[in-house]
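A.B. asks: Below are the structure tokens for one structure; questions will follow.
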Amino acid sequence: MESNNGEAKIQKVKNWSPVWIFPIVTALIGAWVLFYHYSHQGPEVTLITANAEGIEGGKTTIKSRSVDVGVVESATLADDLTHVEIKARLNSGMEKLLHKDTVFWVVKPQIGREGISGLGTLLSGVYIELQPGAKGSKMDKYDLLDSPPLAPPDAKGIRVILDSKKAGQLSPGDPVLFRGYRVGSVETSTFDTQKRNISYQLFINAPYDRLVTNNVRFWKDSGIAVDLTSAGMRVEMGSLTTLLSGGVSFDVPEGLDLGQPVAPKTAFVLYDDQKSIQDSLYTDHIDYLMFFKDSVRGLQPGAPVEFRGIRLGTVSKVPFFAPNMRQTFNDDYRIPVLIRIEPERLKMQLGENADVVEHLGELLKRGLRGSLKTGNLVTGALYVDLDFYPNTPAITGIREFNGYQIIPTVSGGLAQIQQRLMEALDKINKLPLNPMIEQATSTLSESQRTMKNLQTTLDSMNKILASQSMQQLPTDMQSTLRELNRSMQGFQPGSAAYNKMVADMQRLDQVLRELQPVLKTLNEKSNALVFEAKDKKDPEPKRAKQ
């Protein structure tokens, strides 16, 4: 067997092959696609919200002015399970929308004071609205609001803070009014743990922000105002919005100048009504103590202190108990009440430089006293009335108790009426009622006897009237009248009796005429019937003596 061992040829293997072109190109394209994707991918933000109702990853869009600017990628619970974290991706080039004051909120159907909004989401679904910011740099996390902000961050105007001791007076969205015209809205309502009160943030739109000065006052506007005066009742009603939900009004009180503009976030006090604002202008006061023997039920702090209808001050504390004040409950127990006399109310009458304490002391010496009177019969509210009572015991000076000057008091109002009623009852008890009752009994007995006699008389008269003779009396009277009528007919003109009577009267008249000379003579000379009367001559005229 023949073997043929040839020499092997050794050749160098090529490292590159055209086969690798396809995967390399594919890898380059993939890398370019990835680079293009990430380089053109918009920023990612995290939205914090209490719940993700209606929000779905990959479906819920983010819009700004009705233009799609992003989409929600996922919604997951936070690690502490207290809130929801929503991962959202904005479109490329939308980085300019993100600033510190950028606002996100959920748009969905809502019914509020301004009407119904978000009806379009019934078909398209819930979406997130983005309001671009303008201040600060981009943030990674934002709060997602349940409703749109009442005022945009870039809106022109001013934000102020109202402090109140009562909760629930205002709600976000309530109107802010100036003399009935809406100039802003209530934005937020929070509880301040440091001040221990409720803080409301208000936004006043421009150009009305110039109306907010250091002298303005804010008060709760209920939408309806009832004023009962001696002229009648006056009712004022605001708009339907303020009537249903209320609001807040502000203005410069009467007597103050317009004031100076304030800085943003300036704090003001929220008053209950406009009347309490006028009372708050009197900051200077003098404390006095009053001890009332009457019941103070119905007397509240803030009640007026008046002198014949003119307000002089305010009730401060009811009742007022100092640490070292001790009293024993007995029939002479008196309740202390602290009042404040406000000198600024008396400047018009006393002058700017008058000493109110000295003047009040003089009035107390002249009989000025305090009493409780009813201010409202429906609610039973009381007020302190100051007036002169000359019959009260005189005082030589103002007494003090526990560092407070004392104003003497007298019983007034219902207590005074009760006292007068008791005095009247005492006088009635002191009357000699027994003799009066005996006399009245005797008079009543006499009256009864008189009534019996009168009844007997009436019975007798009834018997007489019922007798036959009394029944015949009208018939007899009619017969007599007929006879009289017939007799009178005989004296009618033309009858014989009438003619005879006329002739007799004529003869009598003739006889009287003939007797007149005789009667005249007898009148001149009574003895003319015995002696002949001489005729007097007529007087002759003579010449007057010269």
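Start at 1 and count along the chain as shown; that gives each residue its number.
From the backbone N, Cα and C atoms, a Cβ is placed for every residue, glycine too.
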A.B. asks: Given 158-217, 458-517, which one carries Swiss-Prot's region 'MCE/MlaD 2' label?
C.D. replies: 158-217
A.B. asks: Count the residues of the region 'MCE/MlaD 2' (158-217) that DSSP assigns to helix (H, G, I), to strand (E, B) and to coil, and report the three numbers in that order.
C.D. replies: 4 helix, 34 strand, 22 coil
A.B. asks: Over the topological domain 'Cytoplasmic' (1-15), work out the mean pLDDT and round it to an integer.
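C.D. replies: Taking every residue of the topological domain 'Cytoplasmic' (1-15) together, the mean pLDDT is 59.
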